[in-house]
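Student: Feature annotation from Swiss-Prot assigns Mg(2+) binding site to 73, 144.
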C-alpha cells in the first residue's frame, strides 16, 4: 500500500482508499480511538459530529495538529436510546428537525417525514461554520447515517459543499453507498442530478463507500479482510466506526463490541502488515481531490 504522496488518485487500476473513522466527537472513546489510530497511520481521516458533547475535545486536538485530517460528519439524527443531542440552530418544533423531547430524530425516515429542507440547510451550515470557527481544517464533508443523501436534502448538501469548497463524499450511484439502508426510498433522478453538479465542479465521486460490518458472525480479522476484498478500482471510502471501550457499552449496548473489535483490529500490527501488503493507494478525500486535478 502506498500513500497518496507517492502516486496520484486518477483513474487507473490501483484503487485509492480513504480509511475513515465516522462518529468522531460523539464520545470520549470515539476521540481516543481516532487519535491513536491516526497516530499509528492506520487511518486517513475522521468524520466529526459537531453537535455532540465531545466535539470540543477533538476540536482542541485538531486545532493544535492541522494534519489530524478531520472532516465534518453532518449530523441530522440522534439515534441512541439515552445518549442524545440537539441541533445547533436551537430549532423549534416548526422546523421539523426535533422530536417531542427536543432532540434530533432517531431515524432518517423520521427526519424525512418531518424536517423542512430550509431548516436542514440552516443546521448543516451551522455545523460547518462551528467546525471552521474552532480552527479546524476540513479534510472532507460527509453525512451521519446518510441523511444528507435523502432526496429532500441532497441538493442542499451539494450546494453547501460547493459554497465552502469542501472535498465531498458522494458515491457515483446510491447503490454504491454502504449505509443506504438507513435512507428508505431514494429518487434516483435527484441523486444523479446532484452527482452531476459535483462532477461539473471538478469533484471526484466515490466508486464505493463501504461500511463497518455490523455483525460478529466471523472473527474480526475475517470480517475486515472480507470488507477490504470489496474494494474496487477508483475512489473507495471506508465508513468505519472504531471506538475505545469505556462509555460506548452504555451508549450503544447492542453494537458496542463491534466498534471495540474494530478499534482493536485496526491497531493490531499483524492486520496493519496485511493491509499494507495490498495493492492500494491511501489518503484523505482532500488528498484525492488535490492529486486528481
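In case you wondered, yes, glycine gets a Cβ from its N, Cα and C as well.
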Student: Take the Cβ of residue 144 (Mg(2+) binding site) and count every other Cβ within 10 Å, whichever protein chain it belongs to.
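Tutor: Other Cβ atoms found within 10 Å: 25.
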Student: Near the Cβ of residue 73 (Mg(2+) binding site), how many other Cβ atoms are there if near means within 10 Å?
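Tutor: There are 30 such Cβ atoms around residue 73 (Mg(2+) binding site).
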